[in-house]
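Novice: Once you've had a glance at the structure underneath, I'll fire off some questions.
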Amino acid sequence: MSNYAIILAAGKGTRMKSDLPKVMHKVSGITMLEHVFRSVQAIEPSKIVTVIGHKAELVRDVLGDKSEFVMQTEQLGTGHAVMMAEEELATSKGHTLVIAGDTPLITGESLKNLIDFHVNHKNVATILTADAANPFGYGRIIRNSDDEVTKIVEQKDANDFEQQVKEINTGTYVFDNQSLFEALKDINTNNAQGEYYLTDVIGIFKEAGKKVGAYKLRDFDESLGVNDRVALATAEKVMRHRIARQHMVNGVTVVNPDSAYIDIDVEIGEESVIEPNVTLKGQTKIGKGTLLTNGSYLVDAQVGNDVTITNSMVEESIISDGVTVGPYAHIRPGTSLAKGVHIGNFVEVKGSQIGENTKAGHLTYIGNAEVGCDVNFGAGTITVNYDGQNKFKTEIGSNVFIGSNSTLIAPLEIGDNALTAAGSTITDNVPIDSIAIGRGRQVNKEGYANKKPHHPSQK
């Protein structure tokens, strides 16, 4: 039989105090909805239906054509939300997973185990449960003397005995699909919340003598539903440790997992070392044997093998093998550093292509430039690429020596093997094998300093 999935993503999430729909808040680089969607893939669903409502288009854009969508215009409870999928699924034969879009820690493995348990035990409904140290706020799983599930009781409807139960409903279920939609016709709003509870279908199945089971999670953390920023931070912490652990298993040294912020789609090669307080975001990819030292921050960066990045920022750039960056360097979007390049302390590079073995050791700005191989930038070099309205390009050949404190005013071309004298302002193209000097001639006026207040003779 086929598997199906319904993802509940219509809620506003008032306690988040945010303009974003709750499921759009991110955990480790992607939205909670995307985390859930990825985990759902483990059951190989023939169709996924996402129930949307608040700011529906934002939610729809996240999944695009990977899901069908149905609207829940009024928030009348989880049962009502599932009813919205009736037109898409009601006549289909198979098993339907129902899961909330704000449960980013649930794993695909657990969902696969849930489906297998449901099928193997021939249940009409199977509840995903967990044991909670503090079950307050959760629906409780009530069992009879034979350990069979008899019902789910919500917190506000639970009596004193039921509130002592530790086994909680995670809000994730598997149902026989056609039985689910038949039972939904019989639920009502006669409860403390005045809503259509999806949990009421469990009681309907039990009254009809149908088999209901429960599969208990091994890790309570997977059950976390995010309702506020506190829970969001908890989810982030758990996910961060999970990600760091997987990288360590794969041969990466993460010196302090508590302080490493690694997004879920980041790739890191073996023998690389991630020191404390490193942040790796987006689609960043790190090669083998690379060292990222304390405080480095990379966003959508492509980094090769045997690279050293010391307390620096790299954004949307390509760093080739053997490059050294930092400390305190800033590699801005659109930059490509070829093999063996050295970008030193307090150097900023933006939208530039830098050739092999080129060095900019300190206090330099290179913007909108194309630079050849074996170029040396002296300290204090500036490419002047912006006139207030337009950006202009600087082209520098190979084996060029740029003297310290040179100002290169674009558009400008400097040929191979050329050099600029220290302190020069270069406004014209420099031919191959030439030296360019663009500074005022020094004039010494002997004895002139005697008249100045700083001179000992004036004190």
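Positions of Cβ are set from backbone N, Cα and C atoms, glycine also.
Since this is a predicted model, take the numbers as computed values, not measurements.
Pulled the feature table from Swiss-Prot, pasting it below:
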type: REGION; residues: 1-229; note: region 'Pyrophosphorylase'
type: BINDING; residues: 8-11, LYS22, GLN72, 77-78, GLY139, GLU154, ASN169, ASN227, ARG332, LYS350, TYR365, ASN376; note: UDP-N-acetyl-alpha-D-glucosamine binding site
type: BINDING; residues: ASP102, ASN227; note: Mg(2+) binding site
type: REGION; residues: 230-250; note: region 'Linker'
type: REGION; residues: 251-459; note: region 'N-acetyltransferase'
type: ACT_SITE; residues: HIS362; note: active site, proton acceptor
type: BINDING; residues: ALA379, ASN385, TYR386, SER404, ALA422, ARG439; note: acetyl-CoA binding site
Novice: Distance between TYR365 (UDP-N-acetyl-alpha-D-glucosamine binding site) and ALA379 (acetyl-CoA binding site) at the Cα atoms, whole Å?
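Specialist: Distance (Cα to Cα, whole Å): 10 Å.
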Novice: Going along the chain, which residues six or more apart from LEU8 (UDP-N-acetyl-alpha-D-glucosamine binding site) have their CB under 8 A from its CB?
Specialist: VAL51, THR78, ALA81, VAL82, VAL98, ILE99, ALA100, GLY101
Novice: How long is the line from the C-alpha of HIS362 (active site, proton acceptor) to the C-alpha of SER404 (acetyl-CoA binding site), rounded to the nearest angstrom?
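Specialist: Rounded to a whole number, the Cα-Cα distance is 10 Å.
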Novice: Just to verify: the residue among TYR365, TYR386 with the fewest other Cβ atoms within 10 Å, which of the binding-site residues is it?
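Specialist: Comparing Cβ neighbours within 10 Å for the binding-site residues TYR365, TYR386, TYR386 has the fewest.
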Novice: Can you tell me the three-state DSSP label for LYS22 (UDP-N-acetyl-alpha-D-glucosamine binding site)?
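Specialist: The residue in question, LYS22 (UDP-N-acetyl-alpha-D-glucosamine binding site), is helix (DSSP, three-state).
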Novice: Roughly how many Å lie between the Cα atoms of ALA379 (acetyl-CoA binding site) and ARG332 (UDP-N-acetyl-alpha-D-glucosamine binding site), rounded to a whole value?
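Specialist: Between the Cα atoms of ALA379 (acetyl-CoA binding site) and ARG332 (UDP-N-acetyl-alpha-D-glucosamine binding site), the distance comes to 19 Å.
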Novice: Of the binding-site residues listed here (ALA10, LYS22, ASP102, GLY139), which is spatially closest to ARG439 (acetyl-CoA binding site) when Cα positions are compared?
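Specialist: If we rank ALA10, LYS22, ASP102, GLY139 by Cα distance to ARG439 (acetyl-CoA binding site), first place goes to LYS22.
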Novice: CB neighbours of LYS22 (UDP-N-acetyl-alpha-D-glucosamine binding site) within 10 A?
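Specialist: Excluding its own Cβ, the number within 10 Å is 27.
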Novice: Any idea what the model's mean pLDDT is for the region 'N-acetyltransferase' (251-459)?
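Specialist: The predicted confidence over the region 'N-acetyltransferase' (251-459), as a mean pLDDT, is 97.
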Novice: Cα distance, ASP102 (Mg(2+) binding site) to ASN169 (UDP-N-acetyl-alpha-D-glucosamine binding site), nearest Å?
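Specialist: Per the Cα atoms, ASN169 (UDP-N-acetyl-alpha-D-glucosamine binding site) and ASP102 (Mg(2+) binding site) stand 15 Å apart.
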